[in-house]
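A.B. asks: Got a structure for you, written out below as structure tokens; questions coming shortly.
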Protein chains: 2
Amino acid sequence: MGEFGLIGRYFQRAVLQQAGDPAAVALGIGDDAALLEPAPGCQWVISTDSLVQGVHFPEQYCPTDLAYRALAVAVSDLAAMGARPLGFTLALTLPTADEAWLGAFSDGLAQCAVDHRISLIGGDTTRGPLNIGISVHGEVARGRALRRSGARPGDLLCVGGPLGDAAAGLALVLDQPLPAPLDEASRDYLLARFWRPRAQCELGQALQGLASAAMDISDGLLQDAGHLARASGVALHIQGADLPSAPALRHWPARQQLDWMLRGGDDYVLLFSLPVAALAQLGDWPITVIGRVEAGQGVWLDGQPIAGDGGYQHFKESADG
Amino acid sequence: MGEFGLIGRYFQRAVLQQAGDPAAVALGIGDDAALLEPAPGCQWVISTDSLVQGVHFPEQYCPTDLAYRALAVAVSDLAAMGARPLGFTLALTLPTADEAWLGAFSDGLAQCAVDHRISLIGGDTTRGPLNIGISVHGEVARGRALRRSGARPGDLLCVGGPLGDAAAGLALVLDQPLPAPLDEASRDYLLARFWRPRAQCELGQALQGLASAAMDISDGLLQDAGHLARASGVALHIQGADLPSAPALRHWPARQQLDWMLRGGDDYVLLFSLPVAALAQLGDWPITVIGRVEAGQGVWLDGQPIAGDGGYQHFKESADG
């Protein structure tokens, strides 16, 4: 076991004992494979993501934030299915085994694992250009998974939190010019929304049996709404004035705010459709109705059809959304 | 969905309908995550591997072979646990979306998926330096997984097939000088053993309830035997004269053959310990007894202790074996 084998042990020490549900992990790191113990009557939910420097994250990054974000982004796909997170594997390709980098990275990974109650169950470390591959595993009661395909005309269209924050955070990361001075709290909030998204797993689970369709917003509201509209065979009508935004976003001109809310990616809040009668059962959740599902196709904003994908190319490109 | 999104669809067409058990895949590619349907009473077996050019495979490669090998190597970890393969995810990072490369790669992936009865269930494609991340998912009846930790003094030590083939195959790939002319059939056999290993899933499943410990040989017999000895807290005594080799290997001098059988990696045959009484129940399997488990520690060859890891650095470096 060489230098890179030692890295595996580092992550084991950092993460396994602190996070997740011990009862669900029958066998963790150290054998040929991990064993998870699903609850009776559950299906397995699996998603994989890989992050490449310069594609999915900017050159300017802190390894702690990067690790947090990499895992949270992957877990968000479990949230979008209404699944309960159980375990994840990490395939880490690194140019060198830099101890300071590894310490910071594994700190962020452990923080995110604890926040989302998910255990590191296996991994693979290799020398090469930086590449972070994470596969997440969760469980959902049979037949209760939230899919993209169930939205029906008459349903409400909702989101699980404010939009556009991560796009503003990215503008800060990239040191783009500010329209006005930004207070420290707003800056911290927006940077955290980019680097430390919190996957909406609890909301996803609460939506089981209520939402008719769901997904997470990773590529921007309009683009992801397009995916949901296609999968469900419906039209989604969005009211621009109803989009929720955080106070920190209001430092930018209204036009920029709206653009980020519609086209900014990386917010990782849930987008879902909901029969009107179900809304009252979600009274305790900070969700926002942003429009309606109608017969037809495509995504409409304030009565106008949106052409094409509606998103922009940012630090995200994926085959499975 | 850009150029790299299209790649995802390519793989979907190539693989999903041809391989695996449709009943086990409740939801494949296209939503936020895949859903697998475990058989009642099963645990879930998970392993992840990433392959980096120049580390895990040589610069000279055919994309079809590379894909076959990448998936087979990952599936071998399921075999080592006695698991039945169900599905896998592919996280593919590529410098460019070259259609000829992708066609060849997805051919090999589909061939390997069919051979091992495992379905592609999700993936992620990204632009960047070539990196192939594969996570495999299988199932095993609760408590029946083969671990590395159960070998007991008195057990037989066995392997599931010939050793050293892949190391000889790699020597051919790297165009190393031959000691003697090699016939076409031997060359084809050895290259196939390097590029197209067949994970021993059926053998692994047959060993359930019989083998006291098991793993797959990826880093060379001596090194991997060291892992098994440590995990089980025993000594493993190997008889050099009992190691099985294929006829094709006999083109090389005896000393080179033995070195490859002991230290060559990438054979992906199973290494396992077996109570003597269980041997008769495996009469139909081409397994070979290569030694014995004894009280003590470490790996011994013909009565001599093996110092250190006993393996060499080849195209494989991993944290979880």
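Count begins at 1; order follows the chain as displayed.
Cβ atoms are placed via backbone N, Cα and C, with glycine included.
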A.B. asks: Pick the one from A:D77, A:D98 that TrEMBL also lists for the Mg(2+) 4 site with A:D32, A:S47.
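C.D. replies: Between A:D77, A:D98, TrEMBL records just one in the Mg(2+) 4 site with A:D32, A:S47, namely A:D77.
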A.B. asks: For A:D77 (Mg(2+) 3 binding site), which of the three DSSP-derived states applies: helix, strand, or coil?
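C.D. replies: A:D77 (Mg(2+) 3 binding site) sits in a helix per DSSP.
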A.B. asks: Which whole-number value in Å describes the distance between the Cα atoms of A:D124 (Mg(2+) 1 binding site) and A:D219 (Mg(2+) 5 binding site)?
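C.D. replies: Just about 28 Å between their Cα atoms.
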A.B. asks: Of the binding-site residues A:D32, A:D77, A:D216, A:D219, which sits closest to A:T48 (Mg(2+) 1 binding site) by Cα distance?
C.D. replies: A:D77
A.B. asks: How far is it from A:D77 (Mg(2+) 3 binding site) to A:D49 (Mg(2+) 1 binding site), counting Cα to Cα, in Å?
C.D. replies: 9
